[in-house]
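Below you'll find the structure, written out as structure tokens, and then a few comments.
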Amino acid sequence: MIIGLTGGIASGKSTVSRMLEERGAIIVDADRISREIVMPGSPVLQTIAEEFGADLIREDGTLDRKLLGAMIFADEHKRLRLNKIMHPPIRAEMQRRISEFESRHPERLIVADIPLLYESNLQHMFPEVMVVYVPMSLQLERLMKRDGLTEKEAMARIRAQMPIEDKRRLADIVIDNSQDLEATAEQLDQFMKRKGLR
Ligand SMILES: CC(C)(COP(=O)(O)OP(=O)(O)OC[C@H]1O[C@@H](n2cnc3c(N)ncnc32)[C@H](O)[C@@H]1O)[C@@H](O)C(=O)NCCC(=O)NCCS
Ligand SMILES: Nc1ncnc2c1ncn2[C@@H]1O[C@H](COP(=O)(O)OP(=O)(O)OP(=O)(O)O)[C@@H](O)[C@H]1O
């Protein structure tokens with residue numbers, strides 16, 4: 001069994017995927033893959049440096065994520081160019097891992113954690129999509145606090161995605177993460193039970 005997991009930036013996807021993992025699920029994480037494909041010396045990192053400037057590669061060969069983030073969230077054209085470079089290899093690696101886990105662990109729940117699932121029109125890959133929802137005001141508050149961003153910087157990141165209210169409407173399963181962690185865990189226990197996974 002597989003589901004897609006998405007939400008808005010800082011709505012709590014990582015928090016929920018950790019909880020699902022504790023409940024026996026296998027997580028395939030698009031953000032983690034997006035870090036792996038830009039490891040020092042990788043062809044994707046090389047392309048990024050050619051397109052956006054060699055100063056994005058630090059002395060130790062790693063990508064300066066902070067600088068690239070500041071660049072792409074301030075300029076839609078650059079963000080779309082980066083998506084064109086990164087999304088195909090991320091998607092290919094996601095597919096590869098999903099197929100591998102599906103054949104190795106047919107009895108387990110596989111959760112594909114994809115921040116831009118709806119923006120990239122990937123909902124058709126999954127029989128059901130779970131959206132981690134918080135109202136936008138709380139998303140903004142948690143994002144500013146977690147990443148030390150100003151309100152303006154945080155809003156630029158939120159605006160680079162489909163509004164969370166739209167994602168909530170498209171969802172097959174909504175997890176409300178606006179209360180405490182126990183309240184979120186309780187909804188996941190109910191979900192696992194409904195699916196006969198617990
Ligand atoms: C710009 C980068 C280097 C900033 O790195 P940083 O470590 O600060 O953030 P991180 O990777 O943890 O992403 C945090 C969140 O930002 C949001 N986000 C990231 N990239 C994008 C994007 N291109 N468009 C909209 N939102 C995005 C997602 O909600 C993601 O969960 C990085 O986000 C990146 O490589 N982005 C391009 C790849 C991508 O689209 N990733 C998200 C989906 S897989
Ligand atoms: N129920 C909750 N109550 C209070 N804080 C929470 C709750 N859920 C998550 N948080 C905090 O909110 C922030 C965002 O959560 P998390 O990192 O899980 O979001 P995310 O959707 O994975 O983010 P991103 O899109 O950037 O990858 C984190 O600092 C996390 O500790």
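In case you wondered, yes, glycine gets a Cβ from its N, Cα and C as well.
Listed in TrEMBL for this protein:
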BINDING   ALA10, SER11, GLY12, LYS13, SER14, THR15  ATP binding site
Report the residues of the chain - excluding ALA10, SER11, GLY12, LYS13, SER14, THR15 - with C-beta within 8 Å of the mean position of the site's C-beta atoms, for the recorded ATP site, in sequence order. GLY7, VAL16, VAL132, ASN177
Report the member of SER11, SER14, THR15 (the binding-site residues) whose C-beta atom has the most other C-beta atoms within 10 angstroms. SER11
Is it possible to get the count of other C-beta atoms within 10 angstroms of the C-beta of ALA10 (ATP binding site)? 24
Long-range neighbours only, meaning 6 or more apart in sequence with Cβ under 8 Å: which ones does LYS13 (ATP binding site) have? LEU5, THR6, GLY7, ASP113, PRO115, VAL132
DSSP-derived class (H/G/I helix, E/B strand, else coil) of SER11 (ATP binding site): coil
Restricting to the chain of GLY12 (ATP binding site) and a gap of 6 or more, list residues whose Cβ falls under 8 Å of its Cβ, or answer none. VAL132, VAL134, ARG142, ILE175, ASN177, THR184
